[in-house]
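**Student:** For reference, TrEMBL lists these features for the protein:
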- 75, 80, 124, 125, 140: S-adenosyl-L-methionine binding site (BINDING)
């Protein structure tokens with residue numbers, strides 16, 4: 001599904017559909033580079049990936065830890081997280097990305113590597129994972145592009161995609177104001193921690209481990225990682 005098809009699918013008279021269409025239009029104009037994926041902050045990529053690796057390592061210290069066979073990169077962009085982190089931990093990594101230009105770039109970048117996995121060109125609000133296949137579903141910096149209702153529905157569908165000991169990991173910006181903050185430029189929202197936790201609970205999931213990303217510039221939003229599992 002390319003972005004033209006996406007626009008046709010969701011283009012009805014509602015603010016909710018405009019939220020998705022406007023975001024798709026924004027990302028169509030963004031170059032398929034690390035700098036593009038990180039809004040001009042490619043300098044934080046290495047710090048981000050190292051923080052993610054430390055958090056993942058901590059999950060394998062748990063008594064009921066997940067396996068290490070297959071992962072999902074949700075909102076994968078050009079495959080930065082897959083290539084820089086997930087592939088080093090899982091022999092199979094599937095990528096889900098709404099923007100076809102980004103996904104094409106990911107395929108191109110991963111082709112000369114030992115990457116194994118599928119590429120799904122679809123938004124997370126419409127993605128349904130195969131049942132009971134993922135040890136880790138890693139979803140980073142994309143939740144703000146889903147409405148609350150679609151996010152709950154996505155979480156519920158993720159539950160079916162996890163293996164019995166599998167975990168859904170969220171890595172996301174959080175507001176310090178306690179309020180939802182809207183960014184009209186890319187048609188996204190940033191939620192406070194309390195709302196993220198509430199939506200997780202509404203989907204029948206619970207947080208089993210949480211950690212703040214360290215060493216990011218102070219002017220950025222706080223970023224936290226949440227490991228969650230079905231209740």
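Every residue, even glycine, has its Cβ placed from backbone N, Cα and C.
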**Student:** As a test of the contact definition, list every same-chain residue at least 6 positions from residue 75 (S-adenosyl-L-methionine binding site) whose Cβ is closer than 8 Å to its Cβ.
**Tutor:** 96, 97, 98, 124, 139, 140, 141, 142, 145
**Student:** With the S-adenosyl-L-methionine site defined by the record as 75, 80, 124, 125, 140, how many Å span the farthest pair of C-alpha atoms?
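**Tutor:** Comparing all Cα pairs, the maximum is 21 Å.
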**Student:** Test of understanding: give the count of other CB atoms lying within 10 angstroms of the CB of residue 124 (S-adenosyl-L-methionine binding site).
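**Tutor:** There are 22 of them.
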**Student:** Let me check the 10 A CB neighbour count of residue 80 (S-adenosyl-L-methionine binding site). How many other CB atoms are there?
**Tutor:** 22
**Student:** Among all protein chains shown, how many Cβ atoms are found within 10 Å of the Cβ of residue 140 (S-adenosyl-L-methionine binding site), not counting that one?
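**Tutor:** Other Cβ atoms within 10 Å of residue 140 (S-adenosyl-L-methionine binding site): 21.
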**Student:** Which chain-mates of residue 125 (S-adenosyl-L-methionine binding site) that are at least 6 residues away have a CB under 8 A from its CB, listed by sequence?
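**Tutor:** Long-range Cβ contacts: 20, 146, 147, 150, 153, 154.
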